[in-house]
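Below is one structure; the comments refer to it alone.
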Amino acid sequence: MLQWLCIGWILGLACMGKSFLSVQLSSTVVLIAVLLWYLGCRKLKHIFNTPLRNLVMTGSSLLLGLFLGHGYANLQLSERLSTREHEVSEKQIVVHIKDLNKLGEQNIQQALHVLSPDGSTVKWMGFLPVQEPVTQSSLINTQIKQHSLELGRYYLIQGQIRPHHSYATPGSFDAEKWALQQNIMAGFRIKSIQELQPQQLYALGHGKYLRQQQNLSPRILLWVERQRLALREFVARQPVQHKGLLLALLSGDESLLDPATERQFQRFGMSHLLAISGPHVLIFALMVCGTLQYLISRFMPHIYLKWPRQYFLSLPFLLCVLLYCAFVGFEIPALRTLLICVIVTFTLLLRQNVQALKLLILSAALLLLFDPFSIFSAAFWLSYGACFVLLRIYQTIQQQPRQIEQTLLQRLYFALKVLLESQWKIFLALFPLMMLFFKQIAWITPFSNLVAIPWIGLLIVPVDILAALLFFISEPLSSVVFQLNNVFIHMLLAFLDLLDRLFAPQLIPVAMNVWMIALCILALIIVFLPRGLLPKSWTALACVPLCIPQLNQHAFQLSILDVGQGQAIFLRDGARSMMVDMGGYYDEEKFSIGRQVILPFLSVQGVGKLDQLILTHLDQDHSGAYHSIKHQLKIKEVSSNQIPEIAHSSRFQFCHQGQQWQWSEDIQFKILAPRQQQLNTAHFNKNDRSCVVYLQVKNAGPYQNFLLMGDAGWETEYQLLQDYPELKVDVLVLGHHGSQHSSAYQFLEALRPKLAIASAGKFNRYGHPSQLTQQRLKALNIPLLTTAEQGSLHFQQQGSKLVLSAERHQWQWLYRQPLSR
């Protein structure tokens, strides 16, 4: 029953933060639940026959694990959310530096442990600007050292708190969830630094924390971080070309990594190889324990007469695994390996047998007990998913008949066969997870991994670890080994460059909604089940729903997306889909709203192409994202008040007053502005020549009429009142993000919408929506919703109703304000 209890525990934790689930635990509740489960299981032995009893006990164990897991998740989440910062403010803080920093091109990212007088701490991420970009050559520059915060030191820092705020749009990267998983409660822009001495800290009331740091465990962890820093600086000084990869493959520290190399690994689907995995840990432990075993066998073999070899070496093996886990910052794959090694060692010492699958499930449950927020990490799911596939491959191999004696050629052939089989099976098995987390794939991954995985795992990583060990013994010898490993890395990159020239692989966005992914998972479960349980031909059943057009028809949907300070609106009905604006970051090369928000959103909607895109005007915050993805997303028709640069596959037409079309009898579109003769002045007056879109959804309530204003201001509003005096509006998307120069009182009074929406960014420098606009809306009793506070807003048709929902109400960590209607 333990494995089912663990599975329930994992599933319960996977529901962490769901707004509609609010299980709360206390010690009394846990005790009662476990007692009832135990008594129930004992009672079942005398009531049901064996098959039924096992089924009921399995179900009850699963439900108990689910209840305990979700209750524990809510408890941990509530505690962590209570320490988050929510507002921008200037503050002076006392911090302790005990983690290695991360070097960026424009700043140094440094974890700050903010001290409280009661001895508790909270972790923030400090951003320390530098006067010149940080490069490999400038790493050991005195300027960087002068600007860095030194490990083990205490500082009084003045700066600005920058709360984490995600783009609350389905499919996009959730920065707030990532911060929770990393236990980072705020960002902090550092402006001034003053080092503090111990006597000053005592005077400020932090004596309790100082005494805690004198304990053995904090001192060991700080020593490890200092060794990581020393190794980074040593690698940075080496006369080698690929020092970034040397360091990343050794310790997971990507501070020296060349952005071009990082992008290449991403395009080949090999980014996981830059992360520390279980084999890294095991290679180090095996190298040390292998050396120890050789020395004992050579000079003190009598020790094995007193303690059997496997028992004697188990403790050094575990210590090596623990040390390497600390050296790489206790990354999730390394922790997984540590927990599995601990469990295996104890079962070995207790002379118990544990099935591999149960071992995997138990280690996952224990990892989530120690760090429940690991459930948020893609590394957790991908790591355990890959282990499950490798386990199935191993079980399949064990079931196959093998010759007792094999030639070298036969063994090589068998190893190559296993490698090929493992790569395509891992690629297929992790495909749904890749869609859930990344929304894109690299088709070349199975082929590039055929060479990269054995080359890195069997050659580069062991040599890297050997060089690191030699660093603590002889730096000149370590330098020679690092230079040798640089040759091996150069050979790998030459192979990747050859593939680049031959195939020019790119990441391919894949549009799959949650139901498609669920069907894909179902099909893969059937494929990977042991033979005989279910016919493999049943996998075809999972594809049937995708081939029936009626099942792919969608009810009407209008989503005002959270794209920060900008506007992007998605509309869909049946098989048709379109967008009004796409948003845009001020520099799409630095951060792309198109690639990071729009494409992932369309992917989770199952939309791979658009029928139409209306760019209300060509300001960056409305059209910038389009230009970054126009060659990746197929769009039949693009409309705007000016001619933009469009992809060859799209056609263009101007939008102007009088245009209208309909998707069905109930859904009709109209362009209300600008007038056709006003298009000549669009270049000089972009905002007030915005394309104003009017949408009617008949036979639906309570919202039927939508007016999308773009960046139109008072001039356009007055024109609309003159041209359409009887205009009915239920939902008004405010012009110019709620600027004070739009949404005039007379305009709002004439329309009297049931709801006003401002698409604006949190902490935007323009103050949108403006206080004046909010006052006008309040005076007319018109409710206001903003994407900054509510996230993406979705109007979805359910029967004869249009139901409004807010993305920030889906998860507890995203929640800001109640949704007023």
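The backbone N, Cα and C atoms fix where each Cβ goes, and this holds for glycine too.
If you look up TrEMBL, you'll see 26-194 marked as domain 'DUF4131'.
Annotation comment: TrEMBL describes 249-530 as domain 'ComEC/Rec2-related protein'.
Positions annotated as domain 'Metallo-beta-lactamase' by TrEMBL: 562-638.
As annotated by TrEMBL, transmembrane segment applies to 20-40 (among others). Outside the transmembrane segment (20-40) by six or more residues, the chain places 60-61, 64, 67-68, 70-72, 74-75 with a CB less than 8 A from a CB of the stretch.
Long-range contacts of the transmembrane segment (273-296) within the same chain, counting only residues at least 6 positions beyond its ends with a Cβ under 8 Å from a Cβ of the stretch, are 245, 248-249, 251-252, 254, 257, 262, 265, 303-304, 309, 312-313, 316-317, 320-321, 324-325, 328, 331, 333-334, 336-338, 340-341, 379, 383, 387, 452-453, 456-457, 461-462, 465-466, 469. Residues annotated as transmembrane segment in TrEMBL: 273-296 (among others).
Panel annotation: around the transmembrane segment (311-330), residues 99-100, 220-221, 224, 227-228, 251-252, 276, 280-282, 284-285, 288-289, 292-293, 296, 303-304, 337-338, 341-342, 345, 348-349 of the same chain, lying at least six beyond its termini, place a Cβ under 8 Å from a Cβ of the stretch. Under the heading transmembrane segment, TrEMBL lists 311-330 (among others).
Residues or ranges marked as transmembrane segment in TrEMBL: 337-354 (among others). Here the transmembrane segment (337-354) has long-range neighbours at 278, 281-282, 285, 310-311, 314, 317-318, 321-322, 325, 360, 362-363, 366-367, meaning same-chain residues at least 6 beyond its ends whose C-beta is under 8 angstroms from one of its own.
Packing against the transmembrane segment (360-391) from elsewhere in the chain are residues 2-3, 6-7, 9-10, 13-14, 16, 69, 72-73, 76, 80, 177-178, 180-181, 183, 272, 275, 277-278, 331-333, 335-336, 339-340, 343, 354, 422, 425-426, 429-430, 433, 437-438, 528: each is 6 or more residues past its ends and has a CB under 8 Å from a CB in it. The annotation transmembrane segment is assigned in TrEMBL to 360-391 (among others).
According to TrEMBL, the feature transmembrane segment maps to 412-438 (among others).
Summarising the annotation, TrEMBL assigns transmembrane segment to 450-473 (among others).
As annotated by TrEMBL, transmembrane segment applies to 480-498 (among others).
When Cβ-Cβ distances below 8 Å are used as the criterion, the transmembrane segment (510-529) is approached by residues 389, 392, 425, 428-429, 431-432, 435-436, 439-441, 536, 538-539, 542-543, 545-546, 602-608 of the same chain, each at least six residues removed from its ends. Here TrEMBL flags 510-529 (among others) as transmembrane segment.
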> Could you give the number of helix, strand and coil residues in the domain 'Metallo-beta-lactamase' (562-638) as assigned by DSSP?
Replying inline: 22 helix, 26 strand, 29 coil
